[in-house]
Amino acid sequence: MDRIIEKLESGWWIVSHEQKLWLPYGELPHGLAANFDLVGQRALRIGEWQGEPVWLVLQHRRHDMGSVRQVIDQDAGLFQLAGRGVQLAEFYRSHKFCGYCGHPMHPSKTEWAMLCSHCRERYYPQIAPCIIVAIRREDSILLAQHVRHRNGVHTVLAGFVEVGETLEQAVAREVMEESGIKVKNLRYVTSQPWPFPQSLMTAFMAEYDSGEIVIDPKELLEANWYRYDDLPLLPPPGTVARRLIEDTVAMCRAEYD
């Protein structure tokens, strides 16, 4: 339940609007509410970090509004809370009216949900599951440059899970669609909330089975096998893609060094 922020309230402040985050001095605001002109604003407590509350404030600031990507290199827990705040802010902004009857809605006091008093419909934040997979062939890993990454970054393959599809089926389909190869020995590794805008990345490792690389030009600029000790520009630390690549490199080193 939200509350009015008082002068001596302190903590971490997620000030968000339209999927943007207020980052004065390039950092998440931390400290007394009075120091950030937040006294009197409505805020929702969305978690705790290092023993202090994390507050969500639905507000636009004229300056220093940026992407949550700018805090990705901070601690994973803090990045996750920042992502939660941005996703919740967008959820509340986009669910002011009921999609069934058109009447105004209001936030639930007990959970992350919006309620319609007219038809009693209940809405929850939508989460889009995605798969991301590192594919190994002997001492090499399959890396691709995506159409949306024209800065030279090469990463592992990923894609959204379709309706009525298992995670395993999504891996096989996405890999085939984007690269033209088949994989085997799929193994789940980890997951990562990814607020761009509302994804949950489910990470896997797999082994090459068969086929030659044939890229989908609508998705990829190029794809190739890279030996573990001769890699191109990689995604930044803190991303699950980087974790998968580093784990694959570690396995290759153990076998081939």
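Even glycines carry a Cβ here, placed using N, Cα and C.
Within the listed segments 137-158, 159-180, 181-202, Swiss-Prot records motif 'Nudix box' for the stretch 159-180.
Just one of Glu207, Glu212, Glu219 is listed by Swiss-Prot for the same divalent metal cation 3 site as Glu174, Glu178, and that one is Glu219. In the record from Swiss-Prot, residues Arg69, Glu111, Gln192, Pro193, Trp194, Pro195, Phe196, Pro197, Gln198, Ser199, Ala241 bind substrate; the candidate from Tyr92, Tyr124, Tyr226, Tyr256 listed for the same site is Tyr124. The record assigns Arg69, Glu111, Tyr124, Gln192, Pro193, Trp194, Pro195, Phe196, Pro197, Gln198, Ser199, Ala241 to the substrate site; their largest pairwise CA distance measures 31 Å.
Counting every protein chain shown, 20 other Cβ atoms lie within 10 Å of the Cβ of Ser199 (substrate binding site). Of all the binding-site residues listed here (Cys98, Cys101, Cys116), it is Cys101 whose C-beta has the fewest other C-beta atoms within 10 angstroms. Sequence-distant contacts (6 or more apart, same chain, Cβ under 8 Å) of Glu178 (divalent metal cation 1 binding site) comprise Ala144, Leu157, Gly159, Ile215, Asp216, Glu219, Leu220, Ala223.
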